[in-house]
């Protein structure tokens, strides 16, 4: 399939004449995007129940705290009480699709309906103007989970048990209230303040969904290292959150993810195999009770996996204050520091990629859908797909087109809707195109030498938290610089970016379709079918 349509060029002059095309379902045009300044009507509201007044009437926006795919988080001060808060300002122009708009609405709904909890960040208010949606929330200024652990110096199994109990309690509270988080990872937990006894809080509900008992989901979302096997199989429920919490616990105890490889497909295969390594240091120092809990949280069969309440009832969690208080050694702290810094490096690279992911790339796919949808019903039949692929120059044979159709047709209606079609095209085009990585590499290669050297890496990782230690730079260089010449070349950089990267930081829609594409690959090469034969579990396609 290497020659599928990697070089496809869409010719707008080739589209059907004298036909008024309707937009494909699920991919409505962005109502906030007005590049020519011709808007003559008020924009639609993203959050119907948001405050009608201006946010500046109530709050003072200060310095920037962080930046994401859709907007910027600012320090925010209540004019009357002087309380310090955080304001996440989401740019409407960056909500490119109806799916993006729905994501924001759902995040606000979930944060508004969850009961107050000491370990969940509180949404204080929402405001909306013509340009932005503003979410005013509790301020968490105590730093990320791993950064705090590294800074403390003394790190023990008892400390890991305390963190695990907090995360399990958040999961339990979400599930009791019909919320599946779907994106649990260390970066989504911040400490409220810098005090030693500060509360740890869950901060990001952007991929969360409401669920009913027995309801199953098919959308592939989340972050690579933390995905449960049933997510890759597109047939899952709230048990995925316990799996993700188990991955975090494994990392807390030994400093590295349980399922790792140099490519996303390798990570996915490791997750499907589900083999846990308890032989490397420091596992010999860790209690059998802790290992038992990790195994039960990372049980590949979701029907046998512990629930969040059962995690909280486990003896290791119940006796957290009695867990071994012996330091796990510098090896775990140094691994956690390297893991945290590597994530920071990837986040900076993804920010560069996000700025170069043009809306035109997605427009090409939209236009291809319109071109192939001969009867304008918002769906593409097998015959339309076959004819359309031939029209744009694809050399795919009949068996391969049939396989693509079968695997991508998630709802089994014999046709592809827009979302399913996007998955097929990304699968064929391999949207991780070289230009995106090249732009990010050039951002770090300040002197244009063709290499990222130690000082350039140090500069890239220096932020409001200060400069990284020499040991961290050395560790990252050691891992990424595979030819051991003391610098990172372009090929080594690409390998790093393809291993376990959270692509949602570049584009949430891109991430969704990317992992759907990965699922297609695994199904096509038989990996999932082999896994099912070994485990007796089935995949819902």
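Every residue, even glycine, has its Cβ placed from backbone N, Cα and C.
For 18-28, the entry in Swiss-Prot reads compositional bias 'Basic residues'.
Annotation comment: Swiss-Prot describes 30-39 as compositional bias 'Basic and acidic residues'.
According to its DSSP assignment, residue 65 (ATP binding site) is in a strand. The ATP binding site annotation in Swiss-Prot covers 65, 66, 67, 68, 69, 70, 71, 72, 73, 88.
Mapped onto three states, the DSSP output places residue 223 (phosphoserine) in coil. Feature annotation from Swiss-Prot assigns phosphoserine to 223 (among others); the stated evidence is similarity to another entry.
In sequence order, 384 are the residues of the chain that are 6 or more apart from residue 375 (Ca(2+) 1 binding site) and have a CB within less than 8 Å of its CB. Feature annotation from Swiss-Prot assigns Ca(2+) 1 binding site to 373, 375, 377, 379, 384.
Here Swiss-Prot flags 396-431 as domain 'EF-hand 2', drawing on sequence analysis.
Residues or ranges marked as Ca(2+) 2 binding site in Swiss-Prot (evidence: sequence analysis): 409, 411, 413, 415, 420. In the structure as shown, the Cβ atom of residue 415 (Ca(2+) 2 binding site) sits within 10 Å of 19 other Cβ atoms.
Summarising the annotation, Swiss-Prot assigns domain 'EF-hand 3' to 432-467.
Note: residue 449 (Ca(2+) 3 binding site) has no non-local neighbours, i.e. no same-chain residues 6+ apart with C-beta under 8 A of its own C-beta. Sequence annotations record features per position, and here Swiss-Prot assigns Ca(2+) 3 binding site to 445, 447, 449, 451, 456 based on sequence analysis.
The domain 'EF-hand 4' annotation in Swiss-Prot covers 468-503 and is backed by sequence analysis.
Residues annotated as phosphoserine in Swiss-Prot, with similarity to another entry given as evidence: 507 (among others).
Taking the mean position of the Cβ atoms of 373, 375, 377, 379, 384 as the Ca(2+) 1 site, the remaining residues of that chain whose Cβ falls within 8 Å of it are 372, 374, 376, 378, 380, 381, 415. Residue with the densest Cβ environment among the binding-site residues 373, 384, 447: 373, by other Cβ atoms within 10 Å. Residue 456 (Ca(2+) 3 binding site) falls within a helical segment according to DSSP. Secondary structure at residue 73 (ATP binding site), as computed by DSSP, is strand. Neighbour counts of Cβ atoms within 10 Å were compared across the binding-site residues 67, 379; the minimum falls on 67.
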